[in-house]
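Have a look at the structure below before the remarks.
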């Protein structure tokens, strides 16, 4: 039986999924970590043994010697892929025999990147070729990883990886497969459920993980990740007027890990959060960067189009926990995190 825990960003990306993936890999036993969507347009920041790493393709399992798979829902830039391997090796992380790419994942070409840089400014894309690569995938004109000679040593068939025994193993492979599915971007950027057209080109949902050869019955826990405030990188207007939002951005170091662009900031919206929780089947939730609002000394959420302000951090957290209880998430499954390394 295949068991899968999924990590999904409940906002617009940049919420700390990499940290949560790293924490779960460290504290739970997984046979695989799967990156299930996106390309090099998203960066996961991870602190490992006192060092900072930013990965765009490679899942967090590599830091713990766990088989780390870039799934069929991803698009891969070979040049970026090999740069990441070098970066990890230079940082003391052993990668040999631990990093794999689904043979049917698609490839980002130089032509895709050139095209994206020309037209990406309209909706604020990263210009990394992600959108054009997905377009060609669905237009049936794309290039799969199995056609790129430099990637062949890393290729796997996901059906065989999840369900069939490997050489030298005993019994049916599916008896001991435990997967952590690590998502990219966020629910608010999902191609179907985000604020179209200000979206990415892949499926950023729990359902997106299943598109990598996994059955619905495989899902065990869904870890939703959010910030205690919201951020967004892109061309649409997101940040309201007010000095407090600039302070949040400065203290929270809100700059994109991929592009370096400044992120727009706003209070956390309870309605969009509830929507994301329901549609992704969230069982656990991590709110990151609670220390930022503590430093600003202001606490607020948007609820039913109104800004609700709180006098203390505890009052706001209690409000959030009470609301989550109505969605079936108990208090002991809600985490308010102020650390870059743990939840």
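Just so you know, glycine gets a Cβ as well, placed from its N, Cα and C.
Because TrEMBL annotations are produced automatically, they should be read as predictions rather than curated entries.
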TrEMBL IMP site partner of 41, 42, 43, 44, 126, 140, 185, 261, selected from 31, 200, 272: 200
Of the residue ranges 116-136, 158-178, 221-241, the one that TrEMBL records as region 'Disordered': 116-136
Between residue 41 (IMP binding site) and residue 262 (substrate binding site), the C-alpha gap once rounded to whole angstrom: 15
Of the binding-site residues listed as 126, 260, 261, 262, the one whose CA lies nearest the CA of residue 45 (GTP binding site): 260
Of the binding-site residues listed as 126, 185, 263, 291, the one whose CA lies nearest the CA of residue 43 (Mg(2+) binding site): 185
Separation of alpha carbons, residue 14 (active site, proton acceptor) and residue 261 (IMP binding site) (Å): 12
